[in-house]
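Chemist: Sharing the features that Swiss-Prot gives for it:
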DOMAIN    4-95  domain 'Core-binding (CB)'
DOMAIN    116-298  domain 'Tyr recombinase'
ACT_SITE  159  active site
ACT_SITE  182  active site
ACT_SITE  250  active site
ACT_SITE  253  active site
ACT_SITE  276  active site
ACT_SITE  285  active site, O-(3'-phospho-DNA)-tyrosine intermediate
């Protein structure tokens, strides 16, 4: 049970989240449930009515016991982290309203969330996406831009940041594209004619003149296209055509690797094409020639024609 003054503080906190922080009702409900769970545990832990004094004097042992209980109850690492974040949010609010001094709770680190690999799309979902991303909207060059960018990410396995950095200089070589990836590591990827021709077609109707060293993918007003803008286009695509919720720009890069593997490419060649961190370690033991990469690519890739 809670002291009446705490109940009033919780109501004020909820209003603050909605009116001052612009949180959605669903988010506030989730936060309220997390805080309720914490305060109920505090009530159980202290075996008495929770008061303002309990809130002020809560110690690390209680908080860690609460986190351990959530883990025992099979809460996910993400849910446990959100719960702790909620309680910290509430205490931050108390600092402003009842002048609570900086509290020990802020020194507790959130549990590490498990890093999950993005799911690969099926070949059918990829083909549906490539077919329809150009099929809606009312600005032709923007539609073609979206398709060219999506094809490039999937056909070359690029990160969205890498694809958005492509310039006309990258198009000068008809056979290969040279990418400078994370950690300034260079990798060379065979050009698929299908992807290159689509980009050339897009540049033919792009209403902005670009220097050779300027990124070719532009926003509606001529500035460099931002990842968030393109991801919004993919969200529209998902909604209109009922595509998987996990469809993102990065899922096409992941699908590039998964589909190559399914069609017979070896892991080491895929590592080189993706430019993963482990590439430098792999190169110490095997020197894969560009010609071999091209052969693997042309033999294994499902949209090569």
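Cβ coordinates come from backbone N, Cα and C, glycine included.
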Chemist: Averaging the per-residue pLDDT over the domain 'Tyr recombinase' (116-298), what integer do you get?
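Modeler: Its mean pLDDT is 82.
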Chemist: Over all shown protein chains, what is the count of other CB atoms within 10 A of the CB belonging to residue 182 (active site)?
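Modeler: A 10 Å sphere around the Cβ of residue 182 (active site) contains 11 other Cβ atoms.
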Chemist: Rounded to the nearest Å, what's the C-alpha distance separating residue 250 (active site) and residue 276 (active site)? Just drop the number here, would you?
Modeler: 14
Chemist: Near the Cβ of residue 250 (active site), how many other Cβ atoms are there if near means within 10 Å?
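Modeler: Result for residue 250 (active site): 15 other Cβ atoms within 10 Å.
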Chemist: Between the Cα atoms of residue 276 (active site) and residue 253 (active site), find the distance and write it as a whole number of Å.
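Modeler: It is 12 Å, counting Cα to Cα.
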Chemist: Express the distance between the Cα positions of residue 182 (active site) and residue 253 (active site) as a whole number of Å.
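Modeler: Between the alpha carbons of residue 182 (active site) and residue 253 (active site) there are 15 Å.
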Chemist: So if I measure Cβ to Cβ from residue 253 (active site) and keep only same-chain residues at least 6 apart in sequence, which ones fall under 8 Å?
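Modeler: In sequence order, 153, 154, 157, 158, 159, 160, 274 meet the Cβ cut-off.
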Chemist: Taking helix as H, G and I and strand as E and B in DSSP, count the residues of the domain 'Core-binding (CB)' (4-95) in helix, strand and coil.
Modeler: 76 helix, 1 strand, 15 coil
Chemist: Over all shown protein chains, what is the count of other CB atoms within 10 A of the CB belonging to residue 276 (active site)?
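Modeler: The answer is 17.
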Chemist: At a 10 Å cut-off from the C-beta of residue 159 (active site), count the other C-beta atoms across all protein chains.
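Modeler: 18, counting other Cβ atoms within 10 Å of residue 159 (active site).
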Chemist: Tell me whether residue 250 (active site) sits in a helix, a strand or coil according to DSSP.
Modeler: helix
